[in-house]
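Worksheet for the structure shown next.
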Amino acid sequence: MRNYIKDAADLDEVELSGWAEDIRRIKSIVFIILRDVTGRIQVTVKSENVKNFDEVYKINRESVLKVHGTVDHQSRSKSGIEIIADSVEILNAAEAPLPLGVVDKVQADLDTRLNNRYIDLRKDENLIIFKAQSTLLWGIREYLNRLGFIEVHTPKIVAAATEGGADLFPVKYFERDAYLNQSPQLYKEILMAAGFEKVFEVGPAFRAEKENTLRHLNEFTSIDIEMSFADHNDVMDVLENTVKNAINTLKNNLGDELNKHGFNIDSINGRIPRITYREAIDYLNSSGFQMNFGDDFSPEAARVLGERYKSFYFITEWPVSLRPFYTMKKDDETTKSFDLQLRELEICSGAQRIHRYDDLVNNIKNKGLNPESFTFYLSAFRYGMPPHAGWAIGLERLTMNLLGIKNVRETTLFPRDRTRLLP
């Protein structure tokens, strides 16, 4: 049975499988640094011990090997142990040269890395990003399950825009036109009418936005919740505690490994500050900006707010003009909505939704949209739709912001942006 490198120190005999990360040859001995997902270990291959020594002697870096041998607990290697091999099976020999180095100090440009992602992801500093992402998602799921949320999966091929915009990818659906879904928003709300009361979804979302920035993707993983008999304050509380639980799960399980790679994760101590959109505008104008009510925040304005609040903070009561048609109004100008920010970066957006049919139809019209395009959605509001609220987080952007990474493509396994459709 295969053993993992992390367990070798507790064993006397092992069978390890992994990649030959580095190779040194000295006459009748080959020293191999073998790597698997749990770590690295030195394997010493001697000509008198291994039948296919000549074949092993010629292997290239990143060849895939299966090694059987004894554990030398008195080794002078860096780890204090090494494997004295009695057999080495070459499972797959790597070609040379590699398209991208794994242990080389030379940094390749991002396009080269993404074009050879299967090599790029072998590096510890890249693997840890996705271990962190997986752990964050585990913490989010665990907390929402504990609160009694039901995980659901909604359609990703739809007949009309979720939010009424033009940023949709068209697809041919047999004889009809369809689109890749921007968001599960409308389906989450329909499930509130179905009596599910508390749902969450983790799934792909698609935006045909032409922005080509460090923060934009055209396909991303969206984490959405919707909750009945709740307002925007209720789901802000859920969001705050969800993020706290995710961060604690991350630190408890990967804290040392993250610190080793220079990732320092923000903690949430006490309540997250909440400021209104008007308060944010007033502060920015007192700092030299010239913003009017209804203006969105420029990157520079967001940076100034981030310098003031340092870590996490909510911006609440956004203008009606800046929110989708399903957002509940607080008054004629503002909505019961919020964004969660980490310094200058948006983490999450949410709101209380309109739950009365006539109000929703009027708001759809006020946004310049046709209610007939939303018949399947609107019908759910005619037969007992409860008050409800929710939010959505982009997993890749959450990972980027928490780890302090500058480009969201680095927190996406195989990014899809304005110019990239491969690999």
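Yeah, the Cβs are placed from backbone N, Cα and C, and that goes for glycine too.
Swiss-Prot lists Arg207, Ala208, Glu209, Arg215, His216, Leu217, Gly394, Leu395, Glu396, Arg397 as binding ATP, and of Glu151, Glu175, Glu257, Glu346 the one it places in that same site is Glu346. Taking a C-beta cut-off of under 8 angstroms and a sequence separation of 6 or more, Glu346 (ATP binding site) has the following same-chain neighbours: Ala302, Asp339, Leu340, Arg397. Looking at the residues that bind ATP per the record, Arg207, Ala208, Glu209, Arg215, His216, Leu217, Glu346, Gly394, Leu395, Glu396, Arg397, the two CA atoms farthest apart are separated by 19 Å.
Between Leu395 (ATP binding site) and Ser349 (L-aspartate binding site), the C-alpha separation comes to 13 Å. Considering only the binding-site residues Arg207, Glu209, His216, Ser349, the residue whose Cα is spatially closest to the Cα of Lys78 (site 'Important for tRNA discrimination') is His216. Here the recorded positions are Lys78, Arg207, His216, Arg353, Arg397; the one with the fewest Cβ atoms within 10 Å of its Cβ is Lys78. Just so you know, the Cβ of Glu209 (ATP binding site) picks up 16 other Cβ atoms within 10 Å once every protein chain is counted. With helix defined as DSSP H, G or I and strand as E or B, the region 'Aspartate' (185-188) counts 4 helix, 0 strand, 0 coil.
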